[in-house]
């Protein structure tokens with residue numbers, strides 16, 4: 001066959017075919033049938049274009065003798081046979097000059113007279129089967145398809161054959177000649193049988209043996225083999241008969257497919273009710289730190305020593321009083337708990353040697369705050385299984401809450417830069433492979449963009465608190481241990497800094513199962529006056545505990561310092577995940593990496609450096625009521641990181657449900673934007689599934705409101 005190809009086809013065509021095969025890693029000496037098919041296809045494309053010109057008036061004319069005086073332009077631009085980069089360049093420039101829609105796949109020709117791209121097919125099978133495969137693959141109304149067969153049949157979009165009868169007859173005659181030449185050498189049968197459908201990876205992948213039997217067994221009823229099913233799916237016409245097809249497949253299914261148009265979707269209904277409240281395990285934007293720079297005190301690194309040292313940097317303590325009571329709690333107990341912490345810290349200092357950990361006295365206020373002896377008594381099932389009216393507690397439906405503006409402010413704050421660095425640039429050995437070099441370059445650029453981000457501070461704070469709490473829960477199960485909330489960072493000048501946010505006191509923690517709860521009381525410093533947004537602090541009792549002098553542009557001002565106190569709880573599994581919060585960095589790095597990959601594949605070279613260093617370019621960050629928000633690549637990194645961190649801080653069943661269900665609607669809207677004419681059934685049911693997750697969670701409500709902004713702009 002290889003010899004035949006080299007004799008039968010023009011050397012230029014043979015050379016182009018060899019080049020094309022090598023580009024895809026195929027060997028013309030081994031895949032000889034494919035070699036022949038590519039040469040045939042190239043020759044048909046060239047013959048299609050030969051002798052066809054457009055004159056000065058744009059009329060199509062055929063000129064066979066080479067009249068050198070004619071000022072003529074070729075009617076067809078040949079795209080097939082060029083290397084990929086060049087071919088796309090040609091396609092792009094045609095699209096730019098003519099305004100025609102850019103095709104998803106490289107077409108074979110462009111027709112200047114009809115202003116359309118043409119896909120040429122040459123098949124050894126039935127023309128209509130091959131036509132359907134082509135149409136299914138390119139899925140574009142705009143590209144014209146023209147199929148020829150070796151038996152003299154042809155098929156074209158809307159039976160519009162583009163060329164005159166004679167030109168097409170020339171092509172058919174040539175194909176017939178090739179077939180006869182092959183047959184006379186005994187090559188035709190193998191060539192005819194070797195044709196596969198429009199190749200996709202799956203189709204080249206032969207399924208055999210057990211897998212083949214499993215595939216044939218797992219088909220819907222009425223299909224005998226995978227081939228049948230595949231042919232059926234490929235020729236599937238989406239509009240009109242899905243309902244019938246569904247009912248053929250199963251009697252149980254009854255669905256009317258409704259077209260999904262720009263006017264179809266409605267916004268998500270957000271719940272009404274009082275504004276939602278803060279529910280994170282620690283304060284975020286409202287946190288205040290007492291810090292020491294370049295710590296070098298005795299016992300540096302032991303949390304209790306660090307905490308006492310930080311407390312000593314502040315001189316404005318005063319008699320605490322309650323400024324915002326907790327609606328349901330016994331507020332004086334919160335006040336007494338704080339006074340007890342101060343007193344016991346004072347006691348430690350009076351001792352000769354400061355202990356490494358501090359267990360609080362089990363006072364009545366702490367027992368109350370930590371729910372000691374509050375759990376209902378457990379009774380063995382054997383003793384009560386005969387009780388006739390044994391039933392589970394009735395639990396109330398959660399009260400609906402409306403979206404409050406504070407959660408958007410929290411998110412904005414999380415995307416901002418602080419003046420400290422919260423993660424170190426990892427010192428990693430020399431890169432061995434080029435891919436490692438690219439990977440570490442990306443990681444370093446990314447780290448530089450996010451190391452000072454507030455969301456990164458939240459990660460390190462979360463990791464520290466969860467680690468300390470889990471350790472204490474295992475090491476001191478019965479004790480009310482005092483756990484300082486600490487983080488470490490570096491200043492702009494590179495000096496180390498230790499920060500104290502407040503304290504946690506943990507309750508009894510006999511955690512046998514992953515979901516067993518340990519109660520804790522958190523006490524956190526803040527300069528935020530809770531009376532400005534009382535709804536945000538519904539779960540807190542807030543004390544005023546001191547006055548802090550702040551340096552401002554107009555000199556020193558004194559601001560009241562508050563302590564946010566609340567009872568909270570967590571479980572082993574939540575703490576384990578909290579300790580893993582650094583994964584948020586990885587998740588957002590991967591999202592950025594896929595953006596770089598997309599850019600690199602278009603430009604056909606690694607774009608990492610340009611991506612991070614081209615400051616003029618802006619990228620879409622998210623949707624807001626104003627429209628699509630854009631920002632620098634650093635802002636994109638920080639926004640993606642903040643989203644990932646908030647998913648961790650505000651993790652909940654409501655978020656799980658909302659993410660899973662809203663994603664389905666998102667995909668349908670994306671399909672509509674990509675002109676894929678999506679259809680849906682039971683859209684109402686999907687809305688119900690999404691909206692049943694919108695109850696009272698601030699992060700879920702914010703995401704739902706973003707989703708509504710997206711719908712508005714996506715469907716304009």
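Numbers here mean position along the shown chain, with the first residue as 1.
Cβ atoms here come from the backbone N, Cα and C positions, even for glycine.
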According to Swiss-Prot, which candidate in 41, 52, 297 joins 108, 119, 120 at the Mn(2+) 1 site: 41
Candidate ranges 76-91, 92-107, 124-139, 140-155 [criterion: Swiss-Prot lists as motif 'Nuclear localization signal 1 (NLS1)']: 124-139
Per DSSP, three-state class assigned to residue 80 (Mn(2+) 2 binding site): coil
Number of other Cβ atoms within 10 Å of the Cβ of residue 108 (Mn(2+) 1 binding site) across all protein chains: 24
Neighbour tally for residue 80 (Mn(2+) 2 binding site), based on other Cβ positions within 10 Å of its Cβ: 22
Spatial neighbours, same chain, of residue 41 (Mn(2+) 1 binding site) - Cβ under 8 Å, 6+ residues apart: 80, 108, 120, 122
Long-range Cβ environment of residue 119 (Mn(2+) 1 binding site), under 8 Å and at least 6 residues apart: 105, 107, 108, 134, 138, 143, 144, 145, 146
Residue 120 (Mn(2+) 1 binding site): secondary structure state under DSSP, collapsed to three categories: strand
Protein Cβ atoms within 10 Å of residue 120 (Mn(2+) 1 binding site), excluding its own: 21
